[in-house]
Amino acid sequence: MITGLLKKIFGSRNERLIKQYRRKVAQINALEPKFEALSDAELQAKTEEFRQRFAKGETLDALLPEAFAVCREASKRVMKMRHFDVQLIGGMVLHDGKIAEMRTGEGKTLTATLAVYLNAISGQGVHVVTVNDYLAQRDAEWMGRLYNWLGLSVGVNLTTMDHDQKQAAYASDITYGTNNEFGFDYLRDNMVYDAGQRVQRPLNYAIVDEVDSILIDEARTPLIISGQAEDHTDLYRRMNGIPAQLTRQIGEEKSDGTGVEKPGDYYVDEKSHQVYLTESGHEKAEQILLQAGLIGEGESLYAPQNITLMHHLYAALRAHSLFFRDQHYVVQNGEVVIVDEFTGRLMSGRRWSDGLHQAVEAKEGVQIQQENQTLATITFQNYFRMYNKLSGMTGTADTEAYEFQEIYGLETVVIPTNRPPQRKDLQDQIYKTSKERYDAVIRDIRDCYERGQPVLVGTTSIENSELLSNLLNQAKLPHQVLNAKQHEREAEIIAQAGRPKMITIATNMAGRGTDIVLGGNVEKQSGFVMADESLSDAEKASRVKTLQDEWQSLHEQVKAAGGLHIVGTERHESRRIDNQLRGRAGRQGDPGSSRFYLSLDDQLLRIFAGDRVRAIMDRLKMPEGEPIEAGIVTRSIESAQRKVEGRNFDIRKQLLQYDDVSNDQRKELYKLRNEILEAQDVGDLVKNLRESVFTELFRTYVPAETMEEQWDVAGLEKTLREDWGVDQPLVKTLEAAQSIEDEDLLKIVLDAAEAVYEGKVAQVGRESFAGFERSVMLQSLDTHWREHLAALDMLRQGIHLRGYAQKDPKQEYKRESFELFGRLLDTIRNEVTRIVFTVRIQSQEELEQASEQIEEDLSALTNLQYKHDEFSELAEVAAGDAEIHGATPAMAASRSAASAAAAALAGEVPKVGRNDPCPCGSGKKYKQCHGKLV
């Protein structure tokens, strides 16, 4: 109540921000006459003037009013479009590193040009991130005319580009590209073996289009670069037959023993997207595997040697119980292709991880492709947080504003519409069965068709879109289908979806980024005419005029019929996706309407609200075909959606807390890798490694603070000679000396090792040997980093079970992953030193051969695959952790711990004192915990 009163007096935070921005809009508008009076050349010269002023210390904030005014004037001259005042506000929101929520049709693409132009003045690069290559190329070409006219270079970063083209794209002032490609380029840059092979500059500023889709919908799923691992294809085929021999349990057993409607061997938890074997299921599975000869007599499925079988069995069960053809994937040209859950688009080249994709291939009887080993991985959350400044645009961000603020530190500002919205959102209609629901949908579509009103029908899967298409064919209603199978015609179908009597079926929000204009998209048709070289200029002008007149007539006709009508055939688990569908109607003050038709068979209702709604229908004795249309039911559904959204947010937050641990380690390792790449001479780094290894070896035989009688000098001498090629008579030295300190003996060992090293360098020359050392270090880093990623995956898979032992899984994961990281650095340190000391090189030719061999080993990893998985193992762990523990505070000290360990590898002194608390958070002293590792 008090909050509401304060809002009435002072306005909401959003209203206050808009008020501040409107003051700046007034400044920009005041400059308009001045810039209108400039010639083209004078206006174009402003860009260089701004750059010089920025170089002399003037801030971008100070340049904003003039830069926005210049960009607006240039747009009027080049694009024939003038930025509205609300678009100026949107541009300022983007420049301030916030998220601008702008309704569909309000001109987000043009709005972005303001912030892009201003930030490109710095010369440090601006990345405009889109959801697919088509939009990246379209916007780069479309808005590139404006930027080029203003003297800025524009590049587009596409999947198909080669290395040189990518370098040129990133060197441009402005680079358009997809979120996947930017992320993969970052990972690839950290796999190169020559600094000149990197394509990206330091990450300066990014504007993310459809920011909700990229930073929220896809945030649970990491980008992965992988190479082929061991072949298990036969095992997948054999496991594929097992689910059919097991029976599914209906209902989940509760703590009081109730809840099971029909006993079985496994049950499916649709909420957590998991399959679990029951006790009887374990026994039955063991019998089946025993008969198949996959496990031995008396062996348990949980025996260490059978963990792989468990992994494959669960993959097969999930493939059969949770993933369905034409809903989660399609089979195309003998391959299983994933369907994007949120857009309905086909995701060619992407594969589910952890053996799930191979299990689905076995189920469908297509060729099973080999499993992959992860070479590099990063989540979008951690990639985009590396930019100095990040902002985004979308039509639907307000429902996720808390998550944007919590995870990314991004505030959401709702931008006012240029004209008041006219769309009518009608009450949901809920039917008992799917048949009744589809009958009502067909009636609604027929009514619109007869009145000449265009209809956009949203479905949640390809299967549903094709079912509806068949029903419309039976009803003799002409229509077009837009789903993943028609991806190529997407923009064309959407562009004409606003013509009279047009019926368009779209899977989820396929077609985002293209406006549905009432009467059809005349610009698209005019473009075809202008591109026709057989026509004269006069004929082109005449035909374009005819098209525009025809469009104006159709536009008025559609407006009179009520504008675009949106029909939703099912509620999505996220309100935001539903709002995106609704948002296609009523653009820029046009009329429009929307209604959702639901049935009690829908997944969301079945899981969260079905029993309550069914009870209401039974109590009201609703006749067949009669819907419920009441606010209380709609609110009940929205409450269910909020529950799902809250749970998904918890999963994403948990995922980030887990991934932050490996991210800190990744950043430290990549930082070290880049130092090796860029160093003129890696000699100092190798020397630090060398001294660390020999000191550790020395302390194995001569422990600190011990008596001379406790030293094993003979063993040390033998190990140095046989394992390291360092022949130093330590026993004689000790006998000849009356008394010697351990530190003096250590100095003798280090000097002897240094002499052996210098002898090797002298044989081939310092410069050549430094190149060899660089190759050895990079190979060792990359090989063991890959193994470390696999080890982290294994650790993650079972860590949530620690919750049952009253331990915090995240704290345990942080502690154990840091121990693994310490071992990784220890292994690298020892391996690099051992190779450098034991390699036998007599000449320059032999050194070149050794370097070439390393290069061959590195280039063997050419068969790389790039994946952005639909739902990763890491997300499942986070989900499991959320079930057991709930959300707990983030793991705070992992970065300092990883930094300390990496610093030790580089030979730097850790900042943590030996008696200080260990950064891992265990509560122990550093020397008694991770200090041992460094």
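Each Cβ is built from the backbone N, Cα and C atoms, and glycine gets one as well.
Same-chain residues at least 6 positions away in sequence with a Cβ under 8 Å from that of K108 (ATP binding site) are, in sequence order, G90, A100, M102, D209, M393, T394, G395. Marked as ATP binding site by Swiss-Prot on the basis of sequence analysis: Q87, G105, E106, G107, K108, T109, D515.
What Swiss-Prot lists as Zn(2+) binding site is C918, C920, C929, H930.
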- Query: Excluding Q87, G105, E106, G107, K108, T109, D515, which residues of the same chain place their Cβ within 8 Å of the centroid of the Cβ atoms of the recorded ATP site?
  - Reply: M102, T104, L110, T111
- What three-state class does DSSP give Q87 (ATP binding site)? helix
- Task: For Q87 (ATP binding site), write down the residues of its own chain that are at least 6 apart in sequence and whose Cβ falls under 8 Å from its Cβ; none is a fine answer.
- Result: E106, G107, L110, T111, L114, N418
- Span of the ATP site, taken as the largest CA to CA distance across Q87, G105, E106, G107, K108, T109, D515 (Å, rounded to a whole number): 17
- Item | DSSP-derived class (H/G/I helix, E/B strand, else coil) of K108 (ATP binding site) | helix
- Restricting to the same chain and to sequence separations of six or more, state which residues have a Cβ under 8 Å from that of T109 (ATP binding site). D139, W142, M143, D209
